[in-house]
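Database features (TrEMBL):
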type: TRANSMEM; residues: 29-52; note: transmembrane segment
type: DOMAIN; residues: 43-294; note: domain 'G-protein coupled receptors family 1 profile'
type: TRANSMEM; residues: 61-80; note: transmembrane segment
type: TRANSMEM; residues: 100-122; note: transmembrane segment
type: TRANSMEM; residues: 142-164; note: transmembrane segment
type: TRANSMEM; residues: 204-226; note: transmembrane segment
type: TRANSMEM; residues: 238-256; note: transmembrane segment
type: TRANSMEM; residues: 276-296; note: transmembrane segment
Amino acid sequence: FIRLNLTEEPDGVTFFILQGLSSLGDRQMILFVILLLGYIITQGGNSMIIFLTDPKLHSPMYFFLANLSFVDMVYTTTTIPKMLVGFLSDVSTISVPGCFLQMFFFIQLGITSRGILTAMAYDRYLAICHPLHYTSIMTQHIQLLLIAGAWAFGTFCTLPANLITWHQPYCGPNVVKHGWGDPSSVRRLACADTSVDNTVSLSLALVALLTTGVLILTSYVLIGISVSRMSVAQRLKAFGTCVSHLTVVSISYTAASFARYMNSSGTLSIFFQVRIIVAVLYAALTPFLNPVIYSLRNKELQESIRRTLVRFRSATVSVTKDISTVS
């Protein structure tokens with residue numbers, strides 16, 4: 001293991017070892033089962049939202065929700081399967097290009113999801129504050145532009161820091177003290193000064209969090225002002241259309257802030273395992289909760305899921321009968 005840890009090539013390391021939670025020993029299997037079940041439920045719940053074909057759900061809000069579900073599915077897939085494989089092997093390795101690709105998509109998709117949450121906040125603002133102009137403003141073209149903008153914003157806030165870190169020399173050791181290609185953990189392995197990398201990464205992270213956070217907060221301040229002028233019944237209806245989105249936003253930003261704080265404390269060994277567990281929960285919790293929250297708080301979505309399951313069950317029964325008849 002020591003020889004594998006210090007393996008070097010003339011031009012630097014060719015792979016990284018993902019240490020993860022190997023120090024937990026046999027207790028890793030408990031986390032493996034929990035993480036596997038959570039991943040399956042996350043993929044299933046978000047897939048159901050994406051593939052709902054109910055015409056009643058062809059509104060801008062559900063278009064944004066379907067895109068958010070797609071991002072959440074890919075987001076968890078960038079890290080969780082690799083971690084699950086690592087739990088079952090003595091040493092989990094990843095190539096240098098694979099590590100940086102994983103790093104890029106993990107951060108890019110995380111920021112993209114916040115961009116989509118920002119678009120959803122704008123959608124709620126238009127629906128509540130400008131209901132008469134809602135359909136003329138929130139056209140399909142605008143919806144596509146907002147989604148494209150979320151992806152572009154995620155790339156803009158991710159690519160520069162990722163490229164700078166990638167071009168650093170890595171000559172060993174090659175053990176990443178994390179469950180995946182975490183940027184701060186990888187930068188600690190560089191054989192050069194990483195102050196520029198750290199500054200660029202922190203600056204872009206703040207831009208991503210503050211820009212989306214301020215826009216979402218502004219939308220809800222304006223919504224609050226508009227709702228304060230409504231009757232009690234109208235207030236309750238307006239609140240009902242926003243509560244799911246507000247819940248998801250609150251969980252997402254609270255988890256991101258806490259994970260960022262724990263990551264900054266990662267140099268202390270006492271925080272090492274806790275830091276990784278928090279990062280894993282952050283990576284898995286929000287994508288897991290999104291379909292649950294929207295399904296529990298939205299009767300239209302519940303009815304659509306129920307109708308879709310009934311149609312699927314009927315189609316399955318019909319196919320089974322046809323097979324039996326042919327036989």
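Each residue, glycine too, has its Cβ placed from N, Cα and C.
What TrEMBL says about a protein is an automatic prediction, not a curated fact.
Spatially, the transmembrane segment (29-52) is not adjacent to the transmembrane segment (100-122); fewer than three Cβ-Cβ distances between them are under 8 Å for residues at least 6 apart in sequence. Below 8 angstroms of C-beta separation, residues 111, 114-115, 117-118, 121-122, 124-125, 128-129, 153-154, 157-158, 160-161, 238, 242, 246, 249, 253, 256-257, 260 of the same chain, each at least six residues beyond the ends of the transmembrane segment (204-226), sit close to that stretch.
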